[in-house]
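Noted in TrEMBL for the protein shown:
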BINDING   Leu116, Val152, Ser226, Gly227  ATP binding site
DOMAIN    1-70  domain 'Glutamine amidotransferase type-2'
SITE      Glu228  site 'Important for beta-aspartyl-AMP intermediate formation'
Amino acid sequence: MLDGIFSFVLLDTRDNSYIVARDAIGVASLYIGWGLDGSVWISSEMKGLNDDCEHFECFPPGHLYSSKTGGFRRWYNPPWFSEAIPSVPYDPLVLRRAFENAVIKRLMTDVPFGVLLSGGLDSSLVASITARYLAGTKTAKHWGSQLHSFCVGLENSPDLKAAREVADYLGTVHHEFHFTVQDGIDAIEDVIYHIETYDVTTIRASTPMFLMSRKIKSLGVKMVISGEGSDEIFGGYLYFHKAPNKDEFHHETCRKIKALHQYDCLRANKATSAWGLEARVPFLDKQFINVAMSIDPESKMIKRDEGRIEKWILRRAFDDEEHPYLPKHILYRQKEQFSDGVGYSWIDGLKAHADQHVTNKMMRNASNIFPHNTPTTKEAYYYRMIFERFFPQNSARLTVPGGATVACSTAKAVEWDAAWKNNLDPSGRAALGVHLSAYNAETPLSNMPSQVIDNIPRMIEFPGVAIQS
């Protein structure tokens, strides 16, 4: 196993007792359910439980379930989990080596693989380290030393442009997939069925990843390395610019890591596995998390007057003048959430589509129809309708987190800026005064007009070299 990222079941044949364990962070999805006859069910998807179980729930990450005790016990209890403020001085070389080791560890494979490359800092570092160390591995002897990279986006989106430049710099065989707003809308029902959530930001980001994963698998690729987890560990989301002090900053990173199994890990795991593709995430390596989360959070704080932008300590760790990992402007590119980076008109198009299917009268009655996690926007209501059709059980709706959010924050962090209360949206552009393409602060997001970009060409595929298994 790669650092315990997989869940497993151990059966004692002497008395038929068993232990079920889930991975530390929740990289791979897992659910547990109980039948009317007292039986216990385990599944990587809710849909494997909803017909046979009276009740089911998320299997908590980092826990064991014992049939003898009938309860859970935490096995993963690292120092950062208590949220005590760490004090280890920042050492860029220590951080660099820890992440390089995490990536190298995930190069062990006997199947064709590649990297997901959005052109942002996290995926670009993953691609750069992979390209740098691949040649000397056994994997290269089997599949070749030239790395394959994959990107998805709307025509002329920020991610496509940046990813193309990084791929050229690293010399990867780059595969670029385009989709249109309508392509994404057409896939929404399939996405919700496979991802098993009604969370707005997860669905926004899962859709292009779902479409890309299908294309990647069609090339014969069976595993990809991705950049999830960095923003949670280093406070990379743009709302962290407003963290009032290092204590609040650190507490929020801890909350974000603990919730990853409900958001980014859920997306990365299910959007890829829906097509039989495995996603590996080196930022969530246990040893690397321990190193990164032991650093004094004062070093992670964003201080614009000192030239320290989000994830500054990670950027500095890989800012090597003699043997550069990335071009400077990529290394210091502003954070783009995946659902924004694939093209800003993607989210605008989703809102416009929801406007056509959800009326004002439906919104006024939303609290009666959906008393738990009541949707507050038409987009959220639209996703909820689809989810409830596939998963009508109360257990299913309880697996999805709720609460106010701005630019992917927790509800607690919304308190950092009073202006955010009128602009509650998971998009990074909701970080008013921070994102370079932020929404208009004068207009609440719920009142903003949405326009679908109709003149975007249909799906275009840039031919790459197919890898045969």
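Numbering starts at 1 and runs along the chain as displayed.
A Cβ is built for glycine as well, from the same backbone N, Cα and C atoms used for every other residue.
Automatic, uncurated: that is what TrEMBL annotation is.
If you compare every pair of Cα atoms in Leu116, Val152, Ser226, Gly227, the residues listed for ATP, the longest distance is 15 angstrom. Cβ neighbours within 10 Å of Val152 (ATP binding site), excluding its own Cβ and spanning all shown chains: 28. When other Cβ atoms within 10 Å of the Cβ of Gly227 (ATP binding site) are tallied across all protein chains shown, the result is 24. Of all Cβ atoms in the protein chains displayed, 26 besides its own lie within 10 Å of the Cβ of Leu116 (ATP binding site). The Cβ of Glu228 (site 'Important for beta-aspartyl-AMP intermediate formation') has 26 other Cβ atoms within 10 Å, all protein chains considered. For Ser226 (ATP binding site), applying a Cβ distance below 8 Å and a minimum sequence separation of six or more within one chain yields Val115, Leu116, Ser123, Val126, Ala268, Ala279, Arg280, Val281. Helix, strand and coil counts from DSSP across the domain 'Glutamine amidotransferase type-2' (1-70) read 3 helix, 26 strand, 41 coil. For Glu228 (site 'Important for beta-aspartyl-AMP intermediate formation') paired with Val152 (ATP binding site), the C-alpha to C-alpha distance reads 16 Å.
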